[in-house]
Amino acid sequence: MAPDPWFSTYDSTCQIAQEIAEKIQQRNQYERNGENTTKLTVTIRALLQKLKEKIALLKDLLLRAVATHQITQLEGDRRQNLLDDLVTRERLLLASFKNEGAEPDLIRSSLMTGGAKRGAPNPWLLEEPEETRGLGFDEIRQQQQKIIQEQDAGLDALSSIISRQKQMGQEIGNELDEQNEIIDDLANLVENTDEKLRTETRRVNLVDRKSTSCGMIMVILLLLVAIVVVAVWPTK
């Protein structure tokens with residue numbers, strides 16, 4: 001699975017924030033020792049600007065991912081929480097850079113080798129979600145990717161179910177078409193049979209009428225013969 005560009009950008013942004021915290025601590029140490037801090041100050045300013053641009057990029061990527069439904073609303077909310085934490089960290093770093101507030105203890109507590117580890121609280125995450133509390137950046141990313149994979153698997157299963165239902169619907173439709181064709185054939189057969197029956201009935205009636213007429217003619221002929229015979233029969 002290809003790495004998520006949002007989390008790749010998020011990791012690099014966190015690294016920049018970590019580097020800024022280290023540079024600010026180093027600058028403060030130089031100031032206490034009376035050393036020149038001009039070069040460090042320029043570097044910190046450049047890093048702060050880069051951090052600002054990275055956060056803006058993260059916001060843009062998140063908005064596009066949510067708008068195009070590349071991620072779920074729940075995943076969008078989780079990423080927004082991480083982004084809010086970065087914005088808070090940026091403000092604290094900017095305040096520390098300007099020497100506003102008692103930042104040295106805060107910066108020292110943020111300097112953890114290799115980033116945040118499991119079980120080691122991150123002082124920059126003032127309201128860290130319960131799901132990600134005590135997790136490092138890599139672990140958070142893995143957790144988010146696992147959630148996305150589970151959601152993708154659920155969507156694949158749903159798509160498979162819908163495809164099967166669609167196929168069943170098509171099969172039922174084909175079967176109904178076949179049944180309709182059979183019914184149409186039966187209707188045509190019944191109609192043809194009925195027409196034949198009517199034709200044969202007419203023929204039978206015609207034959208019957210002819211037979212009746214022939215019988216009457218025979219009776220008349222017999223009567224005529226009888227009359228003739230009686231007429232010519234000699235009488236005493």
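Glycine too: its Cβ is placed from the backbone N, Cα and C atoms.
Checking the ranges 42-65, 210-233 against Swiss-Prot, the coiled coil annotation falls on 42-65.
Summarising model confidence by region, the topological domain 'Vesicular' (233-236) averages a pLDDT of 67. A 10 Å cutoff on Cβ-Cβ distances gives Ser160 (phosphoserine) a total of 10 other Cβ atoms nearby, all chains included.
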